[in-house]
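Got a structure here, written out as structure tokens. Questions coming.
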């Protein structure tokens, strides 16, 4: 069925782990007719969770993409993981979406990962609507949840639905736009519902919230403002138009509610997606740059009549078709069997098959156009973040930024015959997941895997076994420590070597200085007047790039410093890029102990939800882990949220300690916050361990 681009909705479903994202998606697929039975996460039958590990653990690891239809609109949905170790999946999904549905647990409200995901959506200016889920659960409180959206996320919630009843008495919702109650029929699994008059005991509250809705909506449009002044009301179509405008401009976020598991509130949520979230033509124009001239900006218009431009946002291996590259098409058309250009790599790629994905089921298609999200089979050189475009229209879209890993493990094959298979498996997995890094320890020869958390690496090792049949021995997780300097120093260094034949000569004067946390390594050359020929200067930068990886104190990479090449000298015969590389390394070694080197460790932001009676034990334990409690919040229901900063080194295996301390009733999540200096007594212990 041919649907115009104005009726496309490319959306993501995002939330904290266990807020009910995948269940909500399953209901959407059921009610839009994509599935004829409902899959449940706790049965391991959810169709969007298709990896074996997802079915076993009941969590979503990769972003599954699917397409469905609602009220003559085409809705492309990406279901994203809520576990903090898989934040990268959320990041790359948000990069290619036009709108999002943020799902909140009606009991817990705004949880740590909800904040992380919300910040990511802010970064890409993704308009969103909120769905307060699990309104049937004990302790569910819609109004507290709305308040948390305001206070914890700094958002402007605009209430569209009110719940009728709560916990086991949750029956349906009041739609403030139509001012009707919607009640679902249990026996039809929520497929049938009726519009009724609002219960008399809720009329005043409904009118109060509708007035707030009208006030906010009328400000979006002059015509609406005039109508509102004259009649103190707005017609439904104009009210929807105003809410849509405000949502797309980011002025407010509509808040809806329901219980996906109990089949209530999902159809109005779909209406909200269609009514309030943008189509590809409603969002800001995408701007790229000319690969040959980064100053030259190129606008990409969302029309199939324009040249083809797309972004590859995910690469994965499928056991039936091989490598799959997911792309979002921003303009133009793409036909299977055609040739496109990878602008970043300056290579052409042949398009083999083109697939429309439903979780891991696939449907072959021959053409896709602006607004579509499709998977391509057989691309050889394209990786996550690359731009694909017409061969005669070179353009680069903004690349995605991926976080640095904070934890590492050593892996080695159990048998020597598995060595080659291990290499193939890891190369495939690293190609799929930009937050996974692989390197080989020069001294031990061990393969080192770096990732975003224990669960992340655990699942990678599990996938090596299941998908590639590689059994590996895995070392204990290690913290990704870093080193930095605290003082500025200038070093004059001359590298001279004379042995029969051509010698080596290079002289450098380099200023080393500390930078703000998070700055990484910066290099600048201030050479003027040819003191060092310009073809030798990259040798200096390369030497520093290589030697900084070995650090100063205990062999960890040196970060957050700047090296400025101030002066130097060369020899007509004996100088070379290699000589200047060696001179730079010599200057670095001389700087090492003069610049006040310090060790840094990753600090995690930890949020713990615990029953009140275990508060004392939990806080005492946090203090014993060198943690600092930053905040405590009362959740009601005899529960508290504790927010703390704790060194990652002291958080391994924490879940088991927390469970035994709270008889399994407390839960926690954590994400990387920053690098901080390691106390001296810990440095002394680490020196013994690592040297």
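Cβ atoms here come from the backbone N, Cα and C positions, even for glycine.
Straight from Swiss-Prot, here's the annotation block:
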BINDING   15-22, 79-83, 133-136  GTP binding site
DOMAIN    6-281  domain 'tr-type G'
Return the average pLDDT for the domain 'tr-type G' (6-281) as a whole number.
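Per the prediction, mean pLDDT sits at 82 for the domain 'tr-type G' (6-281).
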Under a three-state reading of DSSP, tell me whether residue 15 (GTP binding site) is helix, strand or coil.
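Looking at the DSSP assignment, residue 15 (GTP binding site) belongs to a strand.
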Please work out the number of neighbouring Cβ atoms within 10 Å of the Cβ of residue 15 (GTP binding site), leaving out its own Cβ.
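Excluding its own Cβ, residue 15 (GTP binding site) sees 29 Cβ atoms within 10 Å.
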Cβ-Cβ under 8 Å from residue 135 (GTP binding site), same chain, 6 or more residues apart: which ones?
106, 142, 163, 166, 170, 257, 258, 259, 264, 265
